[in-house]
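Pulled from Swiss-Prot, these are the features on record:
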- 211-221: compositional bias 'Polar residues' (COMPBIAS)
- 231-296: domain 'J' (DOMAIN)
- 200-225: region 'Disordered' (REGION)
- 1-15: topological domain 'Periplasmic' (TOPO_DOM)
- 40-296: topological domain 'Cytoplasmic' (TOPO_DOM)
- 16-39: transmembrane segment (TRANSMEM)
Amino acid sequence: MNLRDFFVITTWWGKILGAFFGYLTAGPVGALFGILVGNFFDRGLVSYYSNPHWLYHAEKQRIVQKAFFEATFSIMGHVAKSDGRVSEQEISMAKSIMNEMKLSKGQKDLAKRLFNEGKQADFNVSLALIQLQRICKDNRDLLKLFVDIQYRAAQVDGLSSQKIHALDNIFTHLGFAPLHKQYRFYEDFGSYFQQEQSKQHYHNQQEYKHTSSSQGQQGYKPQSPPNTLAHAFALLEVSPNANKQEVRRAYRRLLSRNHPDKLIAQGLPEEMIKLANDKTHQIMKAYELICETKGW
């Protein structure tokens, strides 16, 4: 007998407990009053657990959890293989995420199988992302956590152009801006960005080396990644010119949206609670940095 059947079929617990505690408190009169209160309690439980929406939401949550778990590791394998080779660092990162989630042996075996499936050339990444987006379309905070996990795994041994293309594909399928517009990732993305711009600068110098030195000095200069403070504002999703109240509201809103209990209610597998806590910690550190820098 499951929890729903217990409360639907067994409808007298409230009356018994009400009568017992009522009798202890006020004797026979208290027992009668306790039965009355317990009856309302029983009726409320029966009404709640008999409601078909309860069963629907419970089933939907299980579907979301399954889809999120499967997509997390299969897409992770796809991104790792996107540049042709899965490095030891990427394998270690995948194992680290499994350990953080405190997966059982069976769950780890499933996660490894999904990771390997994602590495295969015939893996249909578009179909996997479409299914995830369809199932989690009402849980955008879950999807944001999903892309955060994928980015974290992808950048462990450096971002290549192939990985960035794979990440952009993930982001756009799920309704997010491409990586170069995801300001909250710039702190890590900046090193790759500088390298690519330096290569382009060198290429321009070689291509136009026959021009005058003054013209050569006017060539393209690599851009520096934004500073840590700008990254903190980006994490809180506010403008660097935002005032104290705007920053505080954004901070509280993000804490609420990324609260582990809320994400679990939306369908986040309980094994991924550690990853949600990491996201909350990043938000808190960003807010602390802004307040300290601004003197708030």
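Here the Cβ of each residue, glycine as well, is placed from N, Cα and C on the backbone.
What you are looking at is a predicted structure, and each value in this text was computed from that prediction instead of being measured.
Across the domain 'J' (231-296), DSSP assigns 51 helix, 0 strand, 15 coil. Averaged across the domain 'J' (231-296), pLDDT in this predicted model comes to 80.
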